[in-house]
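TrEMBL has this to say about the protein:
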type	residues	note
BINDING	Ser14, Arg56, His57, Ser89, Ala90, Thr188	phosphate binding site
BINDING	Met187, Asp211, Tyr212, Asp213	substrate binding site
DOMAIN	8-245	domain 'Nucleoside phosphorylase'
SITE	Ser169	site 'Important for substrate specificity'
SITE	Val224	site 'Important for substrate specificity'
Amino acid sequence: MHTSDTVVGIIGGSGLYQMDAIHDLEEIHIATPFGEPSDAFLRGRMGDTTVVFLPRHGRGHRVSPSELNFRANIWGMKKLGVSRILSVSAVGSLKEEIVPGDFVIVDQFIDRTRHRVDTFYTGGVVAHVMFADPFCPNLREALVAAAGSTGVKVHDGGTYVNMEGPQFSTRAESKLYRSWGADVIGMTNLQEAKLAREAEICYATIAMATDYDCWHEGHDAVTVEQVVATMHANVDHARDVLMKAVPAVTSAPTCGCQSALAHAIMTDPTTIPDEARDRLGLLIDKYV
Ligand SMILES: CSC[C@H]1O[C@H](OP(=O)(O)O)[C@H](O)[C@@H]1O
Ligand SMILES: Nc1ncnc2[nH]cnc12
C-alpha cells in the first residue's frame, strides 16, 4: 500500500472535538517555545495518510477564542511534520443565501480582533509574508470538491469577519459587516491562517454556517444553543468532507504556501540573537 509522506493537520472547532475515522491514535503532548497548545495532539491514520488532530478549544471546550495560544498550536503542528492544515469552524451567516447548515469554503478575511498575538516574528527577527490570498488554493479546491460530493450546499469563496468575542456581535455591528459585503462571522480563523502562512503550512477552512447572527429580522439572534444544535446536526457532514479531502491533499503542492518565508525575512542573519534562533529555528533555519 502506498503511504503518503504528507502529514495532514486537522483543527476541529466548536462541536468537533474528536474524529472516530482516525485509527491507531497516539496522544502527543508538546511543550513549545510559545507555551501550551490547546490540548494534546492526536496523531493517527486516515486510510494511508498520517493525520494530526487538535481540538481548537481543547477537549471539553475550555479555551476561549481570545485565550487561544495560536502560536503554540501551529508550532506543534509544524513540529509534528504537518504541511497542510484543514480547519473546521462554526460561523454565523451574514447573507440570506448562506443558510444555516451550508458550508462555505472561505477565501478572504476582515480583521476585527483586538487582543491577539498573530506573528512568530518578534524579538530580533522581522518577516513580512504575503497574505493577499490568505487560504491555500490547493486545499480550498479539495474542500470544495469534497463538500460538493456530500450533498451539502457548498459556497465556493466568502469573506470571514474575525471578531474578537467572546460575546456575539451587536445588531449594528452585524449590519455593518453586511454592508461591507462580508459573508460569515467567527472568532478564530484569522490568527491560525496568518501563523500557518508564517510557518509555511497550507491552510484552509470548512466554515459551517450555524445561525444568521443577529441581523436577520425573521430569525432570533444567535445563541450558543442554536450554534450547538446546528453543529450537531451537521458535524457528520464535516467529518465526511474531511475524510474525502484528506487523501486529495497529499499530492505535491502547486501553491506557494510552503515557501512563503523565502523572500519575507528582512533581518540581517548576522544580527539574529541566539535566543531568537532557538525560539524560531524550526521555522527559519533553512533560510538563515
Ligand atoms: C459556540 S459559538 C462561538 C464559537 O464558535 C466558533 O468557534 P470555532 O471557530 O472554533 O468553530 C466561533 O469562532 C466561536 O469561537
Ligand atoms: N454568529 C456568530 N458570531 C461569531 N461566531 C460564531 N460562531 C458561530 N456563530 C457565530
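Using N, Cα and C of the backbone, Cβ positions are placed for all residues, glycine too.
Within 10 Å of the Cα of Met187 (substrate binding site), the following binding-site residues from the list Ser14, His57, Ala90 place their own Cα: Ala90. With a cut-off of under 6 Å between the Cβ and any atom of ligand 2, the binding-site residues His57, Met187, Asp211 reduce to Met187, Asp211.
Among the recorded positions Arg56, Met187, Tyr212, Val224, the ones whose Cβ sits under 6 Å from an atom of ligand 1 are, in sequence order, Arg56, Met187, Val224. Here Val224 (site 'Important for substrate specificity') is compared against the binding-site residues Ser14, Arg56, Thr188, and the shortest C-alpha distance is to Ser14. Ranked by Cα separation from Ser169 (site 'Important for substrate specificity'), the binding-site residues His57, Ser89, Ala90 are led by Ala90.
Mean pLDDT, taken over the domain 'Nucleoside phosphorylase' (8-245), works out to 97 on the 0 to 100 scale. Taking a C-beta cut-off of under 8 angstroms and a sequence separation of 6 or more, Asp211 (substrate binding site) has the following same-chain neighbours: Gly92, Ser93, Pro100, His219, Val222, Thr223, Gln226, Val227, Thr230. Same-chain neighbours of the phosphate site beyond Ser14, Arg56, His57, Ser89, Ala90, Thr188, judged by a C-beta within 8 angstroms of the site's C-beta center, are, in sequence order, Gly12, Gly13, Gly15, Leu16, Pro65, Val88, Gly186, Met187.
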